[in-house]
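J.: Next up is a structure, given as structure tokens.
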């Protein structure tokens with residue numbers, strides 16, 4: 001009313017408002033604004049009476065009857081309306097008005113900063129920020145609602161919902177919000193031992209809402225709780241107090257537009273999303289994502305160096321005396337198994353500190369050589385298979401070095417591939433001569449599938465479906481329980497090998513003359529073709545790797561190891577050092593910075609970060 005009176009005097013007396021006050025608030029006249037946005041100073045450029053408050057919360061005062069305003073913290077001395085008007089040109093007023101008008105984005109940023117400062121307890125700073133900017137942190141009705149919820153004044157909070165109804169996009173949400181309020185009210189009564197009051201809330205307020213009756217039945221069961229601790233445990237509730245009420249407010253806010261009440265910790269959420277996006281776009285990011293903002297600097301963009309990536313030869317294993325056809329890290333990452341044409345399998349121990357490998361034991365007697373290896377799910381056993389003309393399969397106890405089973409169904413068989421069932425008690429094996437068996441740990445035949453010329457095998461996580469690539473350039477799913485099969489992947493060229501991601505969703509194929517292809521097994525679509533690798537008709541095994549399996553690595557007939565980020569077709573690294581075809585690559589599942597490659601040159605190379613960050617020249621360096 002004081003502001004209206006002042007305005008009326010101005011109209012009748014013919015005197016314009018003091019320009020000092022207009023400059024203090026930066027503005028023009030005739031500009032409308034909502035209560036939720038920054039209020040234009042044209043509406044409050046006129047000073048109020050003594051002790052009055054502007055509509056945007058700015059305070060004005062008088063000094064011996066003369067108006068005193070503030071602009072950016074500086075005071076304007078006493079002056080009369082006419083003298084001030086003569087000193088302020090219209091261009092100056094226009095420039096000030098232009099300077100002080102905030103965009104929607106600027107208003108949003110101020111509100112976000114205000115909310116963050118409020119969360120830190122810097123309430124006076126927030127008040128000053130809102131006053132000086134002319135913004136409101138949230139709608140007055142929302143502020144009142146928040147206070148009533150935090151103080152546990154449930155009847156007043158319910159009344160506040162009627163004021164908020166007009167501001168909401170979905171009026172039906174009022175019922176849900178009321179339900180959440182009454183649920184908190186009910187639980188607090190129970191915790192305080194006010195059973196009759198709680199029962200009244202349940203019967204007289206919650207039930208008539210006719211909303212979420214299943215939840216009401218659960219709530220009624222809490223009446224039987226003998227003490228407060230029992231109630232909190234069964235309800236999975238923090239108990240009466242600030243923590244549970246803050247959690248309640250977070251739920252309630254989801255039904256309100258952000259213009260009315262900001263989502264909780266909104267600035268923190270945006271910053272975390274920005275950090276995650278930068279990490280996702282980083283080609284060499286290979287460590288666990290930490291969502292805690294305290295672990296990163298917000299002052300710098302996220303960048304991972306190639307020097308931290310497994311692109312440098314850390315060790316060359318030369319114990320094999322012929323071509324090395326396969327290598328595979330154990331599931332826990334503590335061991336590496338390598339199979340060679342020299343008829344041996346070597347088990348290597350990985351040092352958890354230095355990541356250096358040392359020979360643990362040699363498993364001998366594979367007359368045809370070892371072209372495929374498979375660790376049991378618990379890493380107790382290792383199965384070794386040979387090339388096409390091998391009809392035998394060896395099942396070794398890795399802990400003791402003893403041969404548990406040497407299996408051969410027929411001398412006509414070709415057992416070149418194997419895959420473990422997730423239960424660790426069964427495995428499937430087969431080859432290109434039409435054998436496809438399911439066996440137990442003693443080599444006893446449990447099931448067989450006739451007429452499938454198997455190139456490569458994989459058991460899915462459900463334990464029922466076995467994937468098999470065959471000579472018809474496809475991957476089919478075979479169910480040994482109900483004896484059904486179906487086509488999943490169809491290529492135009494022979495599938496030399498394939499592997500599946502940990503979650504069972506993606507398959508990585510090495511396709512003859514084509515290279516490395518990524519398929520989505522669920523949608524049955526080709527996702528990506530990776531470029532650069534040389535793939536003829538040799539059997540080359542690629543792999544997923546790195547943290548979260550974000551990377552793909554493959555050997556190549558041009559003697560290199562290629563690494564791609566899963567989302568990009570072009571290689572991010574080409575590793576040189578081998579002198580003949582690289583047959584297999586294995587990424588350590590527990591140490592994302594460790595990788596192994598096996599080659600026809602008779603060596604196994606262990607790749608890791610640069611040994612000296614100052615030097616990018618190393619044996620087996622990364623080509624740019």
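Cβ atoms are placed via backbone N, Cα and C, with glycine included.
Okay, these came from TrEMBL:
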COMPBIAS  1-15  compositional bias 'Low complexity'
REGION    1-101  region 'Disordered'
COMPBIAS  22-59  compositional bias 'Polar residues'
COMPBIAS  60-91  compositional bias 'Low complexity'
DOMAIN    138-197  domain 'CTLH'
REPEAT    317-351  repeat 'WD'
REPEAT    363-394  repeat 'WD'
REPEAT    575-607  repeat 'WD'
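Walk me through where these features lie, including what they touch and how far apart they are.
T.: Residue counts for the domain 'CTLH' (138-197) under DSSP, split into helix (H, G, I), strand (E, B) and coil, are 46 helix, 0 strand, 14 coil.
The average pLDDT the prediction assigns to the repeat 'WD' (317-351) is 96.
In the repeat 'WD' (363-394), helix, strand and coil residues by DSSP number 0 helix, 12 strand, 20 coil.
Mapped onto DSSP classes, the repeat 'WD' (575-607) shows 0 helix, 16 strand, 17 coil.
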J.: Could you give the residue numbers and ranges of same-chain residues that sit at least 6 residues beyond the repeat 'WD' (575-607) on either side and whose C-beta is under 8 angstroms from one of its C-beta atoms?
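T.: Counting only partners 6 or more residues beyond its ends, the repeat 'WD' (575-607) has Cβ contacts under 8 Å with 286-287, 308-318, 320-329, 331-334, 336, 338, 340, 350, 355-357, 538-547, 551, 553-557, 559-563, 619-623.
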J.: What is the three-state DSSP composition of the repeat 'WD' (317-351), stated as helix, strand and coil residue counts?
T.: 0 helix, 19 strand, 16 coil
